[in-house]
Amino acid sequence: MKLFLAAIVLCATAATAFPSELAQRAAGDLSKRQSITTSQTGTNNGYYYSFWTNGGGEVTYTNGDNGEYSVTWVDCGDFTSGKGWNPANAQTVTYSGEFNPSGNAYLAVYGWTTDPLVEYYILESYGTYNPSSGLTSLGQVTSDGGTYDIYSTQRVNQPSIEGTSTFNQYWSVRTEKRVGGTVTTANHFAAWKALGLEMGTYNYMIVSTEGYESSGSSTITVS
């Protein structure tokens, strides 16, 4: 009986001794997974993250543990989201997860360079619309167990990391979709350069989920 009473006293003491610590832990866990619905950038668990939306529909972005993020969208306008690095380099990217679009959406290693200003996509998967439709392939690059068609187009007076600008957009589009694997970005950058597609100083690079006038969900972990 004395042992039983002692155990009760110890449990009661523990329950009263640590409420603030438990609250701090709960608050910390909540902040790590706080949902975001307006455009912002920042750092989370050692990774750069970027979330941009034009405000259309319902889009909710959530930073998870380490390199994980998730995003859900319903009848969205246009958004881009993801985790990665800033500044980036010609690095090898590994990612895994789930990508479940209904309509037009992209899963890509996505980023920018400056001087010159360039927006680029290494497209791993997409929804109902292939963004290379209507474009002429400039060539191909074989990398990481797959073949990618290369495209270039110009964007005129469009949003960019330098405000509304005119800039080149480069694409490597994987011929067989996948969700998960390794992307050796240096192979794509070298192939683009060989075709005369010049890049500048690396800005940010993320594994991006992007949606346009669609619905869906995506949970991705980068490393």
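Placement of Cβ uses the backbone N, Cα and C atoms for every residue, glycine included.
Annotated active site, nucleophile per Swiss-Prot: E119, in sequence order. Shown in sequence order, Y110, G111, W112, R155, S160, F167, N168, Q169, Y170 are the residues of the chain, 6+ apart in sequence, with a C-beta less than 8 angstroms from the C-beta of E119 (active site, nucleophile).
If you look up Swiss-Prot, you'll see E210 marked as active site, proton donor. Annotation note: E210 (active site, proton donor) sits in a strand segment as assigned by DSSP.
Per-residue confidence over the region 'Interaction with protein inhibitor XIP-I' (18-23) averages out at a pLDDT of 42. Swiss-Prot lists 18-23 (among others) with the feature region 'Interaction with protein inhibitor XIP-I', giving experimental evidence as the kind of evidence.
Taken from Swiss-Prot, the feature region 'Interaction with protein inhibitor XIP-I' covers 123-130 (among others).
If you look up Swiss-Prot, you'll see 1-17 marked as signal peptide, on the strength of sequence analysis.
The feature site 'Interaction with protein inhibitor XIP-I' is assigned by Swiss-Prot to N44 (among others), with experimental evidence given as support. All protein chains considered, the CB of N44 (site 'Interaction with protein inhibitor XIP-I') has 19 other CB atoms within 10 Å. According to DSSP, N44 (site 'Interaction with protein inhibitor XIP-I') sits within a strand segment.
Annotation comment: Swiss-Prot describes Y170 (among others) as site 'Interaction with protein inhibitor XIP-I'. DSSP assigns Y170 (site 'Interaction with protein inhibitor XIP-I') to a strand in the three-state reduction.
Sequence-distant neighbours of E176 (site 'Interaction with protein inhibitor XIP-I') (same chain, 6+ apart, CB under 8 A from its CB) are G146, T147. The site 'Interaction with protein inhibitor XIP-I' feature in Swiss-Prot is assigned to E176 (among others).
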Go ahead and report the DSSP secondary structure tallies for the region 'Interaction with protein inhibitor XIP-I' (123-130): helix first, then strand, then coil.
0 helix, 4 strand, 4 coil
Can you tell me the CA-to-CA distance separating E210 (active site, proton donor) and N44 (site 'Interaction with protein inhibitor XIP-I'), as a whole number of Å?
19
